[in-house]
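Each remark here refers to the structure printed beneath this line.
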Amino acid sequence: MASKESPSVPITPLLKDELDIVIPTIRNLDFLEMWRPFFQPYHLIIVQDGDPSKTINVPEGFDYELYNRNDINRILGPKANCISFKDSACRCFGYMVSKKKYIYTIDDDCFVAKDPSGKEINALEQHIKNLLCPATPFFFNTLYDPYREGADFVRGYPFSLREGAPTAVSHGLWLNIPDYDAPTQLVKPRERNERYVDAVLTIPKGTLFPMCGMNLGFNRELIGPAMYFGLMGDGQPIGRYDDMWAGWCVKVICDHLGLGVKTGLPYIWHSKASNPFVNLKKEYNGIFWQEEMIPFFQAVVLPKECSTVQKCYIELSKQVREKLGKIDPYFNKLADAMVTWIEAWDELNPSGAANGTAKGK
(Lines of atoms letter the chains of each structure in order from A; the text may use other names.)
(Lines give C-alpha, C1' and ligand atoms only; values in the text may rest on other atoms or scores of the structure.)
Protein backbone atom coordinates (compact mmCIF):
# COMPACT_ATOMS: atom_id res chain seq x y z
CA MET A 1 0.00 0.00 0.00
CA ALA A 2 1.40 3.39 -0.97
CA SER A 3 2.28 5.69 1.89
CA LYS A 4 0.46 9.00 2.22
CA GLU A 5 2.33 12.27 1.90
CA SER A 6 3.24 13.95 5.15
CA PRO A 7 0.90 16.86 5.95
CA SER A 8 3.99 19.08 6.22
CA VAL A 9 4.83 18.58 2.54
CA PRO A 10 3.28 21.48 0.59
CA ILE A 11 0.98 20.39 -2.20
CA THR A 12 1.18 22.50 -5.38
CA PRO A 13 -2.35 23.75 -6.22
CA LEU A 14 -3.84 22.36 -9.42
CA LEU A 15 -3.13 24.50 -12.51
CA LYS A 16 -1.48 27.17 -10.37
CA ASP A 17 0.24 28.80 -13.36
CA GLU A 18 -2.44 27.99 -15.92
CA LEU A 19 -5.55 29.61 -14.42
CA ASP A 20 -6.77 33.15 -13.74
CA ILE A 21 -9.65 34.05 -11.42
CA VAL A 22 -11.81 36.85 -12.86
CA ILE A 23 -13.94 38.94 -10.49
CA PRO A 24 -16.25 41.82 -11.50
CA THR A 25 -16.94 44.25 -8.67
CA ILE A 26 -18.06 47.71 -7.55
CA ARG A 27 -16.99 47.29 -3.91
CA ASN A 28 -14.08 46.36 -1.66
CA LEU A 29 -13.19 42.68 -1.99
CA ASP A 30 -13.41 41.68 1.66
CA PHE A 31 -15.10 38.45 0.57
CA LEU A 32 -11.67 37.21 -0.57
CA GLU A 33 -10.68 36.63 3.06
CA MET A 34 -13.00 33.64 3.18
CA TRP A 35 -11.56 32.33 -0.09
CA ARG A 36 -7.93 32.95 0.87
CA PRO A 37 -7.02 29.26 1.49
CA PHE A 38 -8.26 28.38 -2.00
CA PHE A 39 -7.56 31.50 -4.11
CA GLN A 40 -4.31 32.94 -2.75
CA PRO A 41 -1.97 30.79 -4.90
CA TYR A 42 -3.67 32.00 -8.09
CA HIS A 43 -3.56 35.23 -10.10
CA LEU A 44 -6.68 37.41 -9.91
CA ILE A 45 -8.01 39.69 -12.63
CA ILE A 46 -10.40 42.23 -11.08
CA VAL A 47 -12.68 44.22 -13.39
CA GLN A 48 -13.97 47.30 -11.59
CA ASP A 49 -17.39 48.41 -12.74
CA GLY A 50 -18.92 51.85 -12.29
CA ASP A 51 -16.98 54.93 -11.20
CA PRO A 52 -13.29 54.46 -12.14
CA SER A 53 -12.18 57.09 -9.62
CA LYS A 54 -13.39 54.94 -6.74
CA THR A 55 -10.64 52.97 -4.97
CA ILE A 56 -11.27 49.24 -4.61
CA ASN A 57 -9.49 47.68 -1.65
CA VAL A 58 -8.10 44.17 -2.10
CA PRO A 59 -6.93 42.22 0.98
CA GLU A 60 -3.16 41.87 1.44
CA GLY A 61 -1.35 38.90 0.03
CA PHE A 62 -3.23 38.36 -3.22
CA ASP A 63 -1.54 38.50 -6.63
CA TYR A 64 -3.84 40.58 -8.79
CA GLU A 65 -4.27 43.12 -11.55
CA LEU A 66 -7.19 45.55 -11.50
CA TYR A 67 -8.81 47.18 -14.52
CA ASN A 68 -11.36 49.99 -14.41
CA ARG A 69 -13.30 51.67 -17.20
CA ASN A 70 -10.43 54.03 -18.01
CA ASP A 71 -8.13 51.03 -18.49
CA ILE A 72 -10.66 49.30 -20.73
CA ASN A 73 -10.96 52.43 -22.89
CA ARG A 74 -7.18 52.81 -23.04
CA ILE A 75 -6.52 49.18 -23.99
CA LEU A 76 -9.36 48.66 -26.47
CA GLY A 77 -9.77 52.19 -27.85
CA PRO A 78 -12.88 52.47 -30.07
CA LYS A 79 -13.58 48.77 -29.55
CA ALA A 80 -14.19 49.40 -25.83
CA ASN A 81 -17.86 49.98 -26.66
CA CYS A 82 -18.37 46.20 -26.84
CA ILE A 83 -17.73 45.92 -23.07
CA SER A 84 -20.85 46.56 -20.99
CA PHE A 85 -20.85 49.35 -18.41
CA LYS A 86 -22.54 49.21 -14.98
CA ASP A 87 -23.22 45.52 -15.39
CA SER A 88 -21.40 42.37 -14.33
CA ALA A 89 -20.99 41.58 -18.04
CA CYS A 90 -17.86 43.75 -17.81
CA ARG A 91 -16.15 40.61 -16.46
CA CYS A 92 -15.57 39.31 -19.99
CA PHE A 93 -12.88 41.96 -20.41
CA GLY A 94 -10.91 39.87 -17.91
CA TYR A 95 -11.27 36.83 -20.15
CA MET A 96 -9.85 38.81 -23.03
CA VAL A 97 -6.76 40.15 -21.27
CA SER A 98 -5.91 36.88 -19.52
CA LYS A 99 -3.10 34.84 -21.00
CA LYS A 100 -3.91 31.63 -19.15
CA LYS A 101 -5.47 28.43 -20.43
CA TYR A 102 -8.27 28.34 -17.86
CA ILE A 103 -10.59 30.88 -16.26
CA TYR A 104 -12.65 30.73 -13.09
CA THR A 105 -15.09 33.57 -12.49
CA ILE A 106 -17.01 34.30 -9.31
CA ASP A 107 -19.19 37.13 -7.99
CA ASP A 108 -18.21 39.12 -4.92
CA ASP A 109 -21.34 38.08 -2.98
CA CYS A 110 -20.43 34.39 -3.21
CA PHE A 111 -18.92 32.73 -0.17
CA VAL A 112 -17.47 29.31 0.62
CA ALA A 113 -20.23 26.72 0.99
CA LYS A 114 -20.15 23.58 3.10
CA ASP A 115 -21.04 20.06 2.03
CA PRO A 116 -23.52 17.99 4.08
CA SER A 117 -20.69 16.75 6.32
CA GLY A 118 -19.82 20.35 7.24
CA LYS A 119 -16.58 20.45 5.25
CA GLU A 120 -15.77 23.65 3.37
CA ILE A 121 -16.03 23.18 -0.40
CA ASN A 122 -13.03 24.09 -2.54
CA ALA A 123 -15.10 25.19 -5.52
CA LEU A 124 -12.08 26.04 -7.64
CA GLU A 125 -10.56 22.59 -7.22
CA GLN A 126 -13.82 20.91 -8.29
CA HIS A 127 -14.11 23.12 -11.37
CA ILE A 128 -10.57 22.18 -12.34
CA LYS A 129 -11.38 18.48 -11.94
CA ASN A 130 -14.45 18.95 -14.15
CA LEU A 131 -12.42 20.73 -16.83
CA LEU A 132 -9.57 18.21 -16.83
CA CYS A 133 -11.94 15.28 -17.17
CA PRO A 134 -13.73 14.39 -20.45
CA ALA A 135 -17.40 15.13 -21.04
CA THR A 136 -20.06 12.89 -22.60
CA PRO A 137 -22.30 15.13 -24.76
CA PHE A 138 -23.20 12.51 -27.38
CA PHE A 139 -24.82 9.84 -25.21
CA PHE A 140 -26.23 10.29 -21.72
CA ASN A 141 -24.81 8.13 -18.92
CA THR A 142 -27.46 7.46 -16.28
CA LEU A 143 -24.79 7.34 -13.56
CA TYR A 144 -23.93 10.92 -14.54
CA ASP A 145 -20.15 11.41 -14.70
CA PRO A 146 -18.72 8.00 -15.64
CA TYR A 147 -15.12 9.12 -15.03
CA ARG A 148 -15.72 9.84 -11.37
CA GLU A 149 -14.39 7.45 -8.76
CA GLY A 150 -17.03 4.83 -7.94
CA ALA A 151 -18.84 5.22 -11.28
CA ASP A 152 -18.45 3.95 -14.82
CA PHE A 153 -20.29 3.69 -18.10
CA VAL A 154 -23.54 1.76 -17.74
CA ARG A 155 -24.56 -1.29 -19.75
CA GLY A 156 -25.57 -0.25 -23.26
CA TYR A 157 -23.25 2.75 -23.46
CA PRO A 158 -21.46 2.66 -26.85
CA PHE A 159 -17.80 1.71 -26.47
CA SER A 160 -16.92 3.99 -29.39
CA LEU A 161 -18.03 7.04 -27.33
CA ARG A 162 -16.38 6.13 -24.02
CA GLU A 163 -13.30 8.23 -24.69
CA GLY A 164 -15.54 11.27 -24.32
CA ALA A 165 -15.02 14.82 -25.57
CA PRO A 166 -12.89 17.70 -24.24
CA THR A 167 -14.69 19.68 -21.52
CA ALA A 168 -14.91 23.37 -22.39
CA VAL A 169 -17.19 24.62 -19.59
CA SER A 170 -17.79 23.73 -15.95
CA HIS A 171 -21.00 25.32 -14.64
CA GLY A 172 -21.26 25.36 -10.84
CA LEU A 173 -24.33 25.85 -8.66
CA TRP A 174 -25.30 27.74 -5.49
CA LEU A 175 -26.74 27.11 -2.06
CA ASN A 176 -28.92 29.63 -0.20
CA ILE A 177 -30.12 32.32 -2.70
CA PRO A 178 -31.23 30.62 -5.95
CA ASP A 179 -30.52 32.18 -9.34
CA TYR A 180 -34.12 33.17 -10.08
CA ASP A 181 -35.59 35.75 -12.44
CA ALA A 182 -37.55 38.68 -11.01
CA PRO A 183 -41.08 37.22 -11.36
CA THR A 184 -40.01 34.06 -9.53
CA GLN A 185 -38.21 36.14 -6.88
CA LEU A 186 -41.41 38.12 -6.32
CA VAL A 187 -43.65 35.08 -5.80
CA LYS A 188 -41.04 33.13 -3.78
CA PRO A 189 -39.19 35.78 -1.78
CA ARG A 190 -38.21 33.42 1.05
CA GLU A 191 -37.26 30.40 -1.01
CA ARG A 192 -33.73 29.10 -0.43
CA ASN A 193 -31.84 26.28 -2.09
CA GLU A 194 -30.86 23.91 0.70
CA ARG A 195 -30.52 20.80 -1.46
CA TYR A 196 -26.98 19.61 -2.08
CA VAL A 197 -26.87 17.15 -4.96
CA ASP A 198 -23.57 15.29 -5.17
CA ALA A 199 -23.46 15.00 -8.96
CA VAL A 200 -21.85 16.33 -12.13
CA LEU A 201 -23.41 15.67 -15.51
CA THR A 202 -22.74 16.61 -19.11
CA ILE A 203 -25.46 18.65 -20.79
CA PRO A 204 -26.39 16.62 -23.90
CA LYS A 205 -25.66 17.83 -27.41
CA GLY A 206 -28.58 19.82 -28.78
CA THR A 207 -29.79 20.91 -25.34
CA LEU A 208 -29.54 24.53 -24.21
CA PHE A 209 -29.22 25.65 -20.59
CA PRO A 210 -29.40 28.94 -18.65
CA MET A 211 -25.77 29.63 -17.79
CA CYS A 212 -25.08 31.55 -14.57
CA GLY A 213 -21.80 33.49 -14.46
CA MET A 214 -21.40 33.71 -10.69
CA ASN A 215 -19.63 30.32 -10.27
CA LEU A 216 -18.19 29.30 -13.62
CA GLY A 217 -15.03 27.70 -15.00
CA PHE A 218 -13.98 27.28 -18.61
CA ASN A 219 -11.12 26.33 -20.87
CA ARG A 220 -10.14 29.63 -22.44
CA GLU A 221 -8.18 27.96 -25.23
CA LEU A 222 -11.14 25.87 -26.30
CA ILE A 223 -14.04 28.31 -25.99
CA GLY A 224 -12.75 31.72 -24.78
CA PRO A 225 -13.75 33.84 -27.81
CA ALA A 226 -17.39 32.72 -27.42
CA MET A 227 -17.53 33.77 -23.74
CA TYR A 228 -18.82 37.23 -24.60
CA PHE A 229 -21.44 38.44 -22.14
CA GLY A 230 -23.05 40.73 -24.68
CA LEU A 231 -24.15 44.37 -24.54
CA MET A 232 -26.06 44.77 -21.29
CA GLY A 233 -26.44 47.27 -18.48
CA ASP A 234 -26.07 51.03 -18.83
CA GLY A 235 -27.63 52.41 -22.00
CA GLN A 236 -29.02 49.05 -23.15
CA PRO A 237 -32.68 47.92 -23.16
CA ILE A 238 -31.88 44.67 -21.36
CA GLY A 239 -29.89 43.42 -18.39
CA ARG A 240 -29.32 40.20 -16.43
CA TYR A 241 -29.21 38.17 -19.64
CA ASP A 242 -25.46 38.57 -20.14
CA ASP A 243 -24.35 35.16 -18.85
CA MET A 244 -27.34 33.38 -20.39
CA TRP A 245 -26.61 34.94 -23.79
CA ALA A 246 -23.02 33.75 -23.52
CA GLY A 247 -24.22 30.31 -22.46
CA TRP A 248 -26.52 29.92 -25.46
CA CYS A 249 -23.77 31.01 -27.86
CA VAL A 250 -21.21 28.78 -26.15
CA LYS A 251 -23.45 25.71 -26.15
CA VAL A 252 -24.29 26.00 -29.86
CA ILE A 253 -20.58 26.35 -30.69
CA CYS A 254 -19.52 23.53 -28.35
CA ASP A 255 -22.08 21.25 -30.00
CA HIS A 256 -20.72 22.19 -33.42
CA LEU A 257 -17.06 21.67 -32.47
CA GLY A 258 -17.62 18.51 -30.44
CA LEU A 259 -16.88 20.00 -27.00
CA GLY A 260 -18.58 19.29 -23.69
CA VAL A 261 -20.35 21.40 -21.05
CA LYS A 262 -20.76 20.11 -17.49
CA THR A 263 -23.07 21.29 -14.71
CA GLY A 264 -23.53 20.39 -11.05
CA LEU A 265 -20.75 20.44 -8.46
CA PRO A 266 -19.25 22.63 -7.11
CA TYR A 267 -21.59 24.67 -4.95
CA ILE A 268 -20.84 28.12 -3.57
CA TRP A 269 -22.91 30.02 -0.95
CA HIS A 270 -24.81 32.85 -2.65
CA SER A 271 -25.24 35.34 0.16
CA LYS A 272 -27.33 38.19 -1.18
CA ALA A 273 -30.63 38.38 -3.06
CA SER A 274 -30.74 41.27 -5.53
CA ASN A 275 -33.77 43.56 -5.57
CA PRO A 276 -36.55 41.89 -7.58
CA PHE A 277 -38.10 45.22 -8.65
CA VAL A 278 -34.77 46.49 -9.97
CA ASN A 279 -34.25 43.10 -11.63
CA LEU A 280 -37.69 43.21 -13.25
CA LYS A 281 -36.87 46.55 -14.85
CA LYS A 282 -33.63 45.07 -16.26
CA GLU A 283 -35.23 41.80 -17.37
CA TYR A 284 -38.49 43.17 -18.71
CA ASN A 285 -37.59 43.05 -22.42
CA GLY A 286 -35.63 39.83 -22.00
CA ILE A 287 -38.65 38.00 -20.59
CA PHE A 288 -40.45 38.68 -23.87
CA TRP A 289 -37.44 38.33 -26.15
CA GLN A 290 -36.26 35.00 -24.69
CA GLU A 291 -39.34 33.34 -26.21
CA GLU A 292 -37.79 34.17 -29.59
CA MET A 293 -34.12 33.96 -28.64
CA ILE A 294 -34.28 30.39 -27.36
CA PRO A 295 -36.01 28.96 -30.48
CA PHE A 296 -33.42 30.86 -32.53
CA PHE A 297 -30.53 29.12 -30.77
CA GLN A 298 -32.32 25.78 -30.93
CA ALA A 299 -32.52 26.11 -34.70
CA VAL A 300 -29.02 27.51 -35.36
CA VAL A 301 -26.92 25.50 -37.81
CA LEU A 302 -23.26 26.38 -38.27
CA PRO A 303 -21.63 25.41 -41.58
CA LYS A 304 -18.73 22.95 -41.71
CA GLU A 305 -16.35 25.73 -42.75
CA CYS A 306 -16.70 27.16 -39.23
CA SER A 307 -13.74 25.25 -37.83
CA THR A 308 -12.67 27.68 -35.08
CA VAL A 309 -14.53 29.42 -32.29
CA GLN A 310 -13.98 32.78 -33.97
CA LYS A 311 -15.43 31.63 -37.29
CA CYS A 312 -18.40 30.12 -35.46
CA TYR A 313 -18.98 33.32 -33.52
CA ILE A 314 -18.83 35.59 -36.57
CA GLU A 315 -21.31 33.31 -38.35
CA LEU A 316 -23.54 33.40 -35.28
CA SER A 317 -23.45 37.21 -35.31
CA LYS A 318 -24.68 37.19 -38.93
CA GLN A 319 -27.58 34.93 -38.00
CA VAL A 320 -28.41 37.09 -34.97
CA ARG A 321 -28.66 40.11 -37.27
CA GLU A 322 -30.72 38.26 -39.84
CA LYS A 323 -33.18 36.48 -37.53
CA LEU A 324 -33.29 38.43 -34.26
CA GLY A 325 -32.79 41.88 -35.81
CA LYS A 326 -36.46 41.71 -36.84
CA ILE A 327 -37.51 41.66 -33.18
CA ASP A 328 -35.77 44.84 -32.11
CA PRO A 329 -32.94 47.10 -33.42
CA TYR A 330 -31.01 46.19 -30.27
CA PHE A 331 -30.09 42.85 -31.83
CA ASN A 332 -28.41 44.59 -34.78
CA LYS A 333 -26.37 46.56 -32.26
CA LEU A 334 -25.58 43.34 -30.40
CA ALA A 335 -24.50 41.62 -33.64
CA ASP A 336 -22.10 44.52 -34.32
CA ALA A 337 -20.73 44.21 -30.79
CA MET A 338 -20.19 40.46 -31.27
CA VAL A 339 -17.99 41.20 -34.29
CA THR A 340 -16.14 43.98 -32.42
CA TRP A 341 -15.55 41.59 -29.51
CA ILE A 342 -13.88 39.03 -31.80
CA GLU A 343 -11.75 41.73 -33.45
CA ALA A 344 -10.63 42.97 -30.02
CA TRP A 345 -9.98 39.40 -28.84
CA ASP A 346 -7.78 38.70 -31.86
CA GLU A 347 -5.85 41.95 -31.36
CA LEU A 348 -5.02 41.05 -27.75
CA ASN A 349 -4.51 37.35 -28.54
CA PRO A 350 -2.87 37.43 -31.96
CA SER A 351 -1.79 33.80 -32.45
CA GLY A 352 -1.56 30.27 -31.12
CA ALA A 353 -3.78 28.44 -28.67
CA ALA A 354 -4.57 31.61 -26.73
CA ASN A 355 -6.40 32.72 -29.86
CA GLY A 356 -9.14 30.24 -29.12
CA THR A 357 -8.50 28.32 -32.34
CA ALA A 358 -8.36 24.90 -30.70
CA LYS A 359 -10.89 22.54 -32.17
CA GLY A 360 -12.58 19.62 -30.49
CA LYS A 361 -12.79 16.17 -31.96
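Glycine is treated like the rest: Cβ placed from N, Cα and C.
Note that TrEMBL annotation is computational and uncurated.
For reference, TrEMBL has these:
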type: CARBOHYD; residues: R155; note: N-linked glycosylation site
type: SITE; residues: R155; note: site 'Required for activity'
type: SITE; residues: R162; note: site 'Required for activity'
Rounded Cα distance in angstrom between the residue listed as 'N-linked glycosylation site' and R162 (site 'Required for activity') is 12
Should one count Cβ atoms within 10 Å of each candidate's Cβ, the recorded positions R155, R162 would be headed by R162
